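Structure first, then comments.
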Amino acid sequence: MGRASRSAVLRRALLLLLLLLLLRTTTTRALGPRISVPLGSEERLIRKFEAENISNYTALLLSQDGKTLYVGAREALFALNSNLSFLPGGEYQELLWSADADRKQQCSFKGKDPKRDCQNYIKILLPLNSSHLLTCGTAAFSPLCAYIHIASFTLAQDEAGNVILEDGKGRCPFDPNFKSTALVVDGELYTGTVSSFQGNDPAISRSQSSRPTKTESSLNWLQDPAFVASAYVPESLGSPIGDDDKIYFFFSETGQEFEFFENTIVSRVARVCKGDEGGERVLQQRWTSFLKAQLLCSRPDDGFPFNVLQDVFTLNPNPQDWRKTLFYGVFTSQWHRGTTEGSAICVFTMNDVQKAFDGLYKKVNRETQQWYTETHQVPTPRPGACITNSARERKINSSLQLPDRVLNFLKDHFLMDGQVRSRLLLLQPRARYQRVAVHRVPGLHSTYDVLFLGTGDGRLHKAVTLSSRVHIIEELQIFPQGQPVQNLLLDSHGGLLYASSHSGVVQVPVANCSLYPTCGDCLLARDPYCAWTGSACRLASLYQPDLASRPWTQDIEGASVKELCKNSSYKARFLVPGKPCKQVQIQPNTVNTLACPLLSNLATRLWVHNGAPVNASASCRVLPTGDLLLVGSQQGLGVFQCWSIEEGFQQLVASYCPEVMEEGVMDQKNQRDGTPVIINTSRVSAPAGGRASWGADKSYWNEFLVMCTLFVFAMVLLFLFFLYRHRDGMKLFLKQGECASVHPKTRPIVLPPETRPLNGVGPPSTPLDHRGYQALSDSSPGPRVFTESEKRPLSIQDSFVEVSPVCPRPRVRLGSEIRDSVV
């Protein structure tokens, strides 16, 4: 293959790469929200609480009556009134709890950052009973736990007046950056965290109890886990087999059963029985019911896995019917690092979870660390199961009475072979979700699950699950950019959502139906909280069929606006009541813009001039932003209307009647009528009616940047390929240039002494050539034969050697001859 053919192949390959990259950039689309509300907008009521010199608001707890919100931050706790504390100047209770000086000093000595790490970060804030709260903090890498008296909101003290403090090891993480989970069940604390300073001793434990229990560290039941959530499911209610209540833990860990070139992260669900007391001889004070299974969340088309679990919300609408419990999980993928990291929302049913735990086991070979499916007979009672009626029939009423063979089997069979499969609800390529809260909302005709999703850049997405997809209702910027949503807490009875971040806590109403002024907007929002009354959009929960003058309208699944909004009168949101259009006064030969702000991101604009669609001309043009660019002239005036089109429904957004007025007339009219609406952006240098390029219907700026980047990349590749193909010639060229650049040096003249050779033969009659060594070459007359006496210098001074610092072969003078030496 010649050089020309190779260059042609390279060009074709580069063109193919360019085409693939362009196709990739144009086909990747994200599922976006219908409405976007920026930070500080008046369209959405968002109240924020922040205390001076306090940061890292991580722990949230709502009282049973919903009137008090307890907040845990860095070295401080707060009791907020849900109605007053979020108002400017509202009152609240504050409890300072900082790590003492000794702990901070020891933390600093151990190599931790004194300002960042050696503080007390509140990680646990839970109700212990009707009078006290349980709280735990990192306490400068030496975790502590304390009790808060609810009535006075102070730390509980003993009879001597000292604050009651307990060691938080095994209950609270040492590092504030470590993820952990905790919950209280019947006064007992169940936690999933690390119990060592180095963070290499993870454990699922039970404390605050007369029967402390934990996982066995020596058996490697947990592999570097990151706990995200835990849940209590009362499975004993209505159980025909007499089952026990269970506590579920959700986390991500290293999957030892997979053999890849890198550590594979796996999402897990683990469970323990509430009545587990450990074994009598084997697994003493260790869980005898610990089992774990893999949570599988992947794309249905190609099976791409989302294997990193970020958060789980347990939805149990009816505690009496725990079988309908749903687990909503937020997942990301470890293979999205370095690019825009996407997220996936998957839902797991209680039936799928139980099916995995009732299936086959995996067994690990301790010598080879190989995992395989256990196909041999399983001992009875079933290892890892709670004490049921079948066990009680065998006189086994407690885990302390379990046979040793059952517990020994559990040591190596704690991982289930089956996976907990899910249903993918939402795939979001352009947002990283971190927290989730779910509210089951009763609509006018059905019940819907509304998801509140917190992102890593301070946004909140509100979405509703439909029969075939998930519709993102709105997007709220609740925190500044760069501040992730650290926690979400839903007050379903009060209709409020609380979110926390590094800078504070915000209170967001779950719905704002007044944001939708027309019947079309109200129905197209697909918000289960809202319904159209015939004249306004109101909360659907306020609907009383007996008192309403007409039935309210709501269509979450279909949003059939054309049929349901026929009899509803609507008006443009920017029209003055009683006038067909908005009067706009412009000056001659000026460039003016007519705004058309759409409420929905999913709608498109249609500009109409005197009943006909606007076409690009010298006098008007639609900008990429959707606004209309208008040149002030007497030609082409009339009525300009902007229509919003969404899912086939068209409604008027704005209507303008521009009027060109001379400056003198305009000044007189201003003095007489007040201040009219004048839209003037800039003057044009072209004459009135002349053609000028004011913009384009579509902007290709992003495509232009992509093409420029790819062109530069292709040129760099071609240049590197050229250098590679001619590397030998370049080396020779550089070598010759370096040798030629060396300046000749003046060689000292050495006069040999006038002595005769020992053999008595006189010197040759041919005159000696005294040219310098750089003037000699190998093309000179052939070498002459020297005698042994001539080869040997007459004296040490007769020999002269000089080596060039660049050229590798030195020149050597032997007697009267100068030659290249071979080194």
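Every residue gets a Cβ built from N, Cα and C, even glycine.
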Candidate cysteine (Cys513, Cys565) that Swiss-Prot pairs with Cys530 in a disulfide: Cys513
Second cysteine of the disulfide that Swiss-Prot assigns to Cys297, among Cys273, Cys346: Cys346
Residue among the glycosylation sites Asn53, Asn83, Asn129, Asn397, Asn512 whose Cβ has the most other Cβ atoms within 10 Å: Asn512
Fewest other C-beta atoms within 10 angstroms, as judged across Asn56, Asn615, which are the glycosylation sites: Asn615
Nearest recorded site to Cys642 (disulfide bond) by CA-CA distance, among glycosylation sites Asn53, Asn83, Asn512, Asn615: Asn615
Separation of alpha carbons, Cys273 (disulfide bond) and Cys297 (disulfide bond) (Å): 26
Integer mean pLDDT for the domain 'Sema' (34-510): 94
Nonlocal neighbours by CB distance (under 8 Å) for Cys136 (disulfide bond), same chain, sequence gap 6 or more: Ile122, Lys123, Ile124, Pro143, Leu144, Cys145, Ala146, Gly168, Arg171, Cys172, Ala182
Number of helical, extended and coil residues in the domain 'Ig-like C2-type' (589-649), per DSSP: 0 helix, 28 strand, 33 coil
